[in-house]
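Below is one structure; the comments refer to it alone.
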């Protein structure tokens with residue numbers, strides 16, 4: 001277990017975005033410019049934020065455990081992220097994820113899934129599930145507009161019983177932050193959540209493809225200090 005008294009002993013984390021996604025900085029409202037971000041990192045004040053901790057199955061079939069700052073997701077996003085990470089980012093940079101997303105939409109196998117948190121249970125065909133601490137992922141998609149890194153909660157969204165074509169027509173809502181107006185989209189706030197799919201879904205956390213479902217995730221409140 002984590003001791004909150006130890007938080008003051010943890011070094012400050014500064015966020016300077018130099019990759020192709022740069023999504024977590026958007027939640028923290030940090031500048032994209034490297035020099036401006038460095039100035040904030042060196043002179044700003046650290047604030048404690050929440051972190052996600054999750055259990056999953058790695059590529060060798062072993063139970064594993066990791067942290068995430070921004071988002072844990074699976075299903076469609078796992079396939080797309082895996083494809084994007086293997087592509088050449090030097091040409092398309094920020095478009096890599098979007099191009100991979102569109103090229104994958106119509107060819108993914110959609111598994112049956114079950115999600116549990118507290119006394120709640122959701123069943124159906126899980127095209128995509130997101131367990132978010134931050135608001136953005138995938139190069140600017142605002143999948144969890146109500147997420148806050150200091151509220152002690154994770155935002156869960158499930159695209160249940162969606163087809164690839166349906167999601168394609170919802171991309172605008174994903175980027176403009178209005179996706180929660182979708183009646184078919186399941187959304188809730190949780191402390192802890194369990195997701196299982198059949199067949200197992202690829203999962204990614206903060207842009208790194210790690211393995212497969214089932215996953216069990218929980219929030220650890222204000223355990224790391226970030227300058228923003």
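For all residues, glycine too, the Cβ spot is worked out from N, Cα and C.
Range 91-110 is the one annotated as transmembrane segment, of 71-90, 91-110, 111-130 (source: TrEMBL). DSSP assignment over the domain 'DAGKc' (1-58) gives 21 helix, 15 strand, 22 coil.
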